Amino acid sequence: MIKYEIPKSRPNEFSKVLPLVEQILNQVKERGDKALLELEEKYDKAKLDSLVENRIDELASKIPEEYKAAIDRIYDQLVEFHKTTLPYMVGGGYNGIEFGILWRAIEKVGIYVPGGLKSYPSTLLMAAIPARVAGVSEIYVATPPNRIDSVIAYIAKKLKINALYRIGGAQAIAALAYGTESVKKVDKIVGPGNIFVQASKFLVSKDVAIDGIEGPTELVVIADSSADYRHVILDMRAQAEHGSTSYIILVTTSDFLIDKVREELDKEEFTYYIVKVKSIDEAIDVANDIAPEHLSLFVNDPKSYLHKIKNAGAISLGKTPPALIDYAAGPDHILPTNAWSRVRGGLTVYDFLKPISYANSVNPDKELVNMAKLIAEYEGFIYHSKSIGARYE
């Protein structure tokens with residue numbers, strides 16, 4: 001079904017499940033492992049003897065060679081991307097004061113890997129690799145127990161995951177946020193998930209850092225007459241695979257492309273939107289206003305338009321399919337949705353690093369010192385002024 005009018009807001013209905021999720025969080029906080037075992041039996045239909053996966057080596061040894069080779073190759077690609085984004089130590093000096101920033105990794109990180117019809121090893125790679133490259137010392141992973149297979153185990157072993165927990169849903173987020181007898185309390189939780197996972201991340205965010213609250217998948221395709229309509233259609237279908245609430249928009253200057261897309265996609269069950277524009281500059285204005293998760297620049301000379309993009313989670317240039325970013329290009333597939341790309345980007349090493357600033361007053365300018373004292377006194381902080389003055393008078 002096609003729609004020409006873009007909705008002003010995107011679907012985000014996790015508020016409906018907040019009361020239930022809050023009950024789950026409270027159960028885990030109050031009763032720890034016992035609550036987790038009961039909740040796993042209730043929601044994941046898993047009667048567990050242990051919340052910790054103890055068969056990682058055994059399972060990892062059973063990975064088929066073709067998947068092992070694929071994981072190894074993708075691992076190298078993702079590591080290379082994230083290594084190129086590591087910050088340099090920043091330092092300088094002015095008015096007799098040395099100053100700078102030290103980058104330090106978060107100590108303990110929890111990763112949620114969702115379950116569904118299949119396991120999602122790509123999400124484990126996308127979340128754990130930037131954490132390891134950033135220098136995180138302890139990484140703990142939670143995923144539904146029926147989704148721990150040889151591929152997940154192989155990645156966990158390769159990335160030296162400290163523990164793999166057999167827990168799904170809101171109860172997994174609660175366990176990572178507050179800790180239990182078996183589950184380590186972490187400093188930050190990252191990873192995608194369903195409406196219950198997102199609601200739980202929202203609720204625990206007052207107690208533990210999170211990467212963000214993510215909604216359904218989003219794709220904006222900007223295309224001109226040079227775009228291969230078959231590839232455009234495939235990209236739109238690919239993102240629609242994430243579910244019926246996927247938010248998919250074609251913004252184009254081409255009537256031919258509109259006709260071809262409609263001819264194919266009007267048969268589909270998912271909803272999509274088309275915006276006809278007069279120029280690619282106008283299309284970019286539309287995309288910047290939407291601030292999508294994925295943005296595809298399917299135009300002639302796409303790099304020449306990059307400087308005009310202000311809001312997007314990840315950008316696919318030319319023939320590059322967004323699906324390649326989802327798996328192996330290098331950038332992360334854990335991306336902001338629901339217009340959050342206005343203020344933040346996809347998962348990077350910076351999500352696992354914190355800047356610590358320092359100053360060393362070697363021979364500070366006397367006038368600067370006196371001005372600091374003056375402002376301290378103006379604000380009513382007399383001992384701030386005295387503390388400064390005692391050093392330099």
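Using the three backbone atoms N, Cα and C, a Cβ is placed for every residue, glycine included.
As annotated by Swiss-Prot, active site, proton acceptor applies to Glu293 (among others), with the evidence given as sequence analysis. Within the same chain, residues at least six positions away from Glu293 (active site, proton acceptor) with a Cβ under 8 Å of its Cβ are Thr217, Glu218, Leu219, Ala312, Gly313, Ala314, Leu335, Pro336, Thr337, Ser341.
Other C-beta atoms found within 10 angstroms of the C-beta of His294 (active site, proton acceptor) number 29, with every protein chain shown included. According to Swiss-Prot, the active site, proton acceptor annotation covers His294 (among others).
Long-range Cβ neighbours of Tyr112 (NAD(+) binding site) (same chain, at least 6 residues apart, Cβ-Cβ under 8 Å): Val141, Ala142, Thr143, Ala172, Ile173, Leu176, Ile189, Val190, Gly191, Pro192, Gly193, Val197. Under the heading NAD(+) binding site, Swiss-Prot lists Tyr112, Gln171, Asn194, citing sequence analysis as support.
The substrate binding site annotation in Swiss-Prot covers Thr217, Gln239, His242, His294, Asp326, Glu379, His384, and the record cites sequence analysis as its basis. Taking the Cβ of His384 (substrate binding site) as reference, residues of its chain lying under 8 Å away and at least six apart in sequence are, in sequence order, Ala376.
For Gln239, His242, Asp326, His384, the entry in Swiss-Prot reads Zn(2+) binding site.
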Next item on the list: For Asp326 (substrate binding site), write down the residues of its own chain that are at least 6 apart in sequence and whose Cβ falls under 8 Å from its Cβ; none is a fine answer.
Entry: Ser122, His333
Notebook entry, point to check: How long is the line from the C-alpha of Gln239 (substrate binding site) to the C-alpha of His294 (active site, proton acceptor), rounded to the nearest angstrom?
Noted result: 9
Notebook entry, point to check: Whose Cβ, among the binding-site residues Gln171, Asn194, Gln239, has more other Cβ atoms within 10 Å than any of the rest?
Noted result: Gln171
